[in-house]
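Residues annotated as (6S)-NADPHX binding site in TrEMBL: 58-62, 130-136, Asp159, Ala262, Gly324, His375, Asp439. The K(+) binding site annotation in TrEMBL covers Asn59, Asp126, Ser162. Annotation comment: TrEMBL describes Lys410, Gly411, Ala412, His413, Thr414, Gly438 as AMP binding site. Taken from TrEMBL, the feature domain 'YjeF N-terminal' covers 9-217. Annotation comment: TrEMBL describes 227-498 as domain 'YjeF C-terminal'.
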Amino acid sequence: MFILNSHQIAAADQATINSNNISSIDLMEHAAKQCFNWLHNQLQNQNIKIHVFCGIGNNGGDGLVIARYLYENGYNITCYIVNFSEKRTKEFLVNYNRLKEIGKWPTIINSENDFPEVAFEDIVIDTIFGNGLTRSPEGFTKELINYLNSIKAFTLAIDLPSGLFTDTSVIDKETVLKASHVLTFQTPKLAFLLPENSDFFETWEVLDIGLDSNFIKSLNPTLNYTIKSEILQLYKPRKKWSHKGTFGHALIIGGSFGKIGAVTLATKAALKIGSGLVSAYLPKCGYPVLQIAVPEAMVEVDNDTSLEYFNFKTNATVIGIGPGMGTVEKTANGFERFIKENKLPLVIDADAINLLSQNKSLLNFLPKNTVLTPHPKELERLIGTWKNDFERLEKTTDFSKKHDLIMVIKGAHTVIIDSTSKYFNSTGNPALATAGSGDVLTGIITGLIAQGYEPINAAIFGVYLHGKTADIAISETSYETFTASSILKYLPNALLDLFNKDDNLIENNKSDI
Ligand SMILES: NC(=O)C1=CN([C@@H]2O[C@H](COP(=O)(O)OP(=O)(O)OC[C@H]3O[C@@H](n4cnc5c(N)ncnc54)[C@H](O)[C@@H]3O)[C@@H](O)[C@H]2O)[C@@H](O)CC1
Ligand SMILES: Nc1ncnc2c1ncn2[C@@H]1O[C@H](COP(=O)(O)OP(=O)(O)O)[C@@H](O)[C@H]1O
Ligand SMILES: [K+]
């Protein structure tokens, strides 16, 4: 699913109005009605006080429509106009009059003296600013945002929490309304996927308001949020006459004394995801461990306690390298020789990324479309620091372009970056914040490439499945007792779930009031 930037969204609104013969008033009515339906469905006519705070643009217009429906359905509402400017939009004015016509006059807020009493048990609807925000809120609008934040009532933000920019960094955290839930229109917003904004909302979901999909496609958006229906298209069904050779040979290289588990987990994962053959290359001390833990794998060994020679004979399709490998000097030297001679597709993780950071000239020897899977600390060692999460994405894109690499930045919304696009993952939860889960991911991606998946697709697909295991497991395991081995246990469920025609997953983390 595409993620649009603020200009693209405004253009898509306009294109829909032009091509679908729908007026902007009707589009607003339709969008805001969906927000009302959502809330009505949650509240089921409960008598809770609802405060609707409207700005003077079209986000405020949405608020006026929502207020009208709430009022007509007997809810206990008060509607306020946050009067920060005289420049009302046409759609705002039409809906302002419609609300007055049914006898509900909004209260105007001109200064701090006009702030209403809001209680913790009340509901706040935030339609002060949406996609039209151009600068940080100031004056009494900023004070209002702070006042509402201090109450901590359930706050439903429409489109965006007011003060949050769609695609640039927030400068002053005191200017953003903290939403309990966001109902956003048509596409996820980049701002929702970046850790620096985590204070500004708890959960969000996308409402499809029917913007022109052909127009959206014609914009060639470079940002994506990968959902199940798209992942299913990547899946390669198996043919009847296929044999183990059809599904490639994954070689996992890594391990050092005390960290044999990392290479073991990656090896298991490469096997479990369906690689035809899997081999591991690790220090001698890990031989019995690996043979016992993964009897299906073949094993070759290097020096006693850490890798040094890298002189394996395995004729692999793809190599996943790094888990538990360590960075001692002899490993670093052997790694350098290996990288300079290697011609096979690579997935590079953990200490192998750290060794590349120590010796950046090696980047020139990596095969095109090598997949790197850094967590943010490993990324920083590789590309340097960044001012904010938006800059981090841009720096990583530049790095990916420069070296022809596929970058997988791991986190709550892992993002896969190549020279043209960014794919944000939609699955996963904090159960995955556990030792060894990254090693399993390396094995999964390597095992998918072995089977013939293009590296970019292997990264997108692998990250999705990895996260999905935790989403499926969570009701049975709890967050705390889920371990890296649980990813392997639930991998079959994650794969099978692709064929469940339940939802299209355009929503994320639905919440209850
Ligand atoms: N037909 C449409 O265009 C639709 C628009 N929709 C709503 O329209 C919203 C966008 O509306 P607008 O473009 O009117 O913008 P907003 O309502 O987000 O912002 C209102 C106005 O405030 C001004 N402004 C920006 N930052 C400010 C600041 N810090 N201090 C004071 N003023 C500031 C801007 O010039 C803008 O005109 C979306 O978020 C969505 O909620 C939806 O109703 C769907 C349909
Ligand atoms: N809060 C979270 N939500 C979703 N996924 C997470 C979260 N925390 C961690 N993960 C995932 O868990 C994995 C952790 O990898 P990594 O940091 O390399 O761990 P390790 O080194 O222990 O293997 C990544 O795939 C990451 O995206
Ligand atoms: K808003």
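Placement of Cβ uses the backbone N, Cα and C atoms for every residue, glycine included.
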Spatially closest candidate among Lys410, Thr414, Gly438, the listed binding-site residues, to Ser162 (K(+) binding site) (Cα to Cα): Thr414
Where Asp126 (K(+) binding site) sits in the secondary structure, as DSSP reduces it to three classes: strand
Residue with minimal Cβ packing [other Cβ atoms within 10 Å] among the binding-site residues Gly61, Gly411, Gly438: Gly411
Candidates near ligand 2 among the binding-site residues Gly61, Asp126, Asn131, Ala412, His413, Thr414, judged by a Cβ under 6 angstroms: Ala412, Thr414
Which of Asp126, Asp159, the listed binding-site residues, has fewest other Cβ atoms within 10 Å: Asp159
Averaged pLDDT score, the domain 'YjeF C-terminal' (227-498): 97
Using Cα positions only, nearest of the binding-site residues to Asp126 (K(+) binding site) (Thr134, Asp159, Gly411, His413, Thr414): Asp159
Residue among binding-site residues Lys410, His413, Thr414, Gly438 with Cα closest to the Cα of Asn58 ((6S)-NADPHX binding site): His413
Fewest other Cβ within 10 angstroms of its own Cβ, chosen from the binding-site residues His375, Lys410, His413: His375
Between Thr134 ((6S)-NADPHX binding site) and Gly411 (AMP binding site), the C-alpha gap once rounded to whole angstrom: 29
Winner by Cβ contact number (other Cβ atoms within 10 Å) across the binding-site residues Asn131, Ser162: Ser162
Candidates Lys410, Gly411, Ala412, His413, Gly438 (binding-site residues) with Cα within 10 Å of Gly61 ((6S)-NADPHX binding site): none
Residues among the binding-site residues Asn131, Thr134, Ser162, Gly438 that border ligand 1 - Cβ under 6 angstroms, in sequence order: Asn131, Thr134
C-beta crowding around Thr134 ((6S)-NADPHX binding site), within 10 angstroms: 7
Greatest inter-residue Cα distance in Å for the AMP-binding set Lys410, Gly411, Ala412, His413, Thr414, Gly438: 14
